Amino acid sequence: MTQEISQKHSIRPEVLSIEKYVAGKPISEVKRELGLDEVIKLASNENPLGCSPKAKEALKRVIDESSLYPDSSSYELKKAIANKLNVKEGQIFCGAGSDSLIKVICQTILNPEDESIMGEVTFSRYEDNTKLMGGTVVKVPLKNNFLDIEAMVEKITPKTKVIWFCNPNNPTGGMFTGTELNEVLHKISKDVYIIMDEAYYEYVTDEDYPDSLKLLPEYPNMIILRTFSKAYGLASLRCGYGICHEELVQYLNRVINPFDVNLFAQYAAIAALEDEEYLKLVHETNKEQKEYLLKAFDEMKLNYVPSNTNFIMVDVKGQDKFLFDYLLKKGIIIRPGFLLGMPGWLRVSIGTEYQNKKFIEELKQGIKKI
Ligand SMILES: Cc1ncc(COP(=O)(O)O)c(C=O)c1O
């Protein structure tokens with residue numbers, strides 16, 4: 001037996017069942033590989049305006065504390081979140097991005113063969129972490145490119161442990177309303193955890209977006225996930241949080257790595273939360289730039305999914321691979337749909353006016369070459 005084979009046999013089958021996550025290409029890699037000076041990344045739904053200036057100031061202030069472990073309870077951060085959301089501090093848990101918290105939730109609640117229900121096309125980490133715990137992934141097709149929460153709830157069996165409501169859904173960008181949610185919630189047994197992944201919450205423009213926080217008292221089985229990586233512009237610092245019933249937080253805290261949220265993340269996140277003016281600017285700029293991109297897609301006769309996020313899923317009629325390669329050579333990184341379960345489509349993050357104009361110009365040139 002070769003070394004390679006014997007190692008494979010010693011790896012948990014659950015690990016062998018998943019693939020490495022393919023992230024959006026980093027700017028530095030594209031510059032290096034293609035010898036480009038300017039590269040625009042519209043691939044990972046980051047905030048093109050960066051973070052609040054107040055968060056930058058906070059980072060500078062705490063730099064001398066780098067040698068110390070951070071507060072493992074994220075006390076001040078939880079207090080700031082609780083104050084802002086008007087919930088109890090004990091209802092908040094924090095981790096190194098909501099990605100880390102998705103894993104923690106799976107590690108806390110999933111037994112082998114427990115069923116985990118999710119959209120056919122949704123954030124891939126639900127699937128990977130379910131498989132990692134030996135759970136069974138149950139995928140439900142989208143309806144007109146939107147999560148079909150009614151069909152998802154119909155899939156619940158006595159084996160179901162968790163249902164993932166990604167709202168708005170990544171990578172499609174569409175949302176379901178409060179009315180739609182209320183129509184299905186009462187059908188979900190209290191033994192099933194309902195995960196409301198609201199990573200793009202701050203970008204939502206539709207007034208019918210569900211007020212999930214209000215539902216928490218009635219649904220102790222509900223967990224809301226949010227992040228500082230998107231509208232707050234702190235993706236690199238890795239900070240996400242969840243809100244749920246206090247008792248459940250205590251179990252989740254046993255699983256979260258003690259120093260998951262580093263010192264910089266804690267202080268920058270507090271400052272970012274306080275800077276409501278900046279968040280408003282981010283929201284407004286995104287809304288304005290979304291309109292610019294949608295108008296351009298309309299003119300190009302490209303269909304897209306109506307988005308309540310900072311990204312748009314566009315139907316490029318089967319040419320996602322070609323256009324990804326073409327745009328990359330021009331220094332623009334987007335996400336081809338084939339990597340996200342939507343072959344033939346392309347997901348583009350909404351950038352600055354300059355970035356979006358460049359993207360549209362190059363997209364037009366790329367389409368001419370097909
Ligand atoms: C729906 C959704 N949930 C969670 C995450 C994870 O974000 P982070 O780990 O940066 O908080 C993402 C990131 O793209 C996402 O799109």
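Cβ coordinates come from backbone N, Cα and C, glycine included.
Annotation source TrEMBL lists domain 'Aminotransferase class I/classII large' at 38-362. Positions annotated as N6-(pyridoxal phosphate)lysine by TrEMBL: K230.
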Residues satisfying Cβ distance under 8 Å from K230 (N6-(pyridoxal phosphate)lysine), sequence separation of at least 6: N45, E46, N47, A199, Y200, E202, Y203, N310
Mean of pLDDT values spanning the domain 'Aminotransferase class I/classII large' (38-362): 98
DSSP three-state assignment (helix, strand or coil) for K230 (N6-(pyridoxal phosphate)lysine): coil
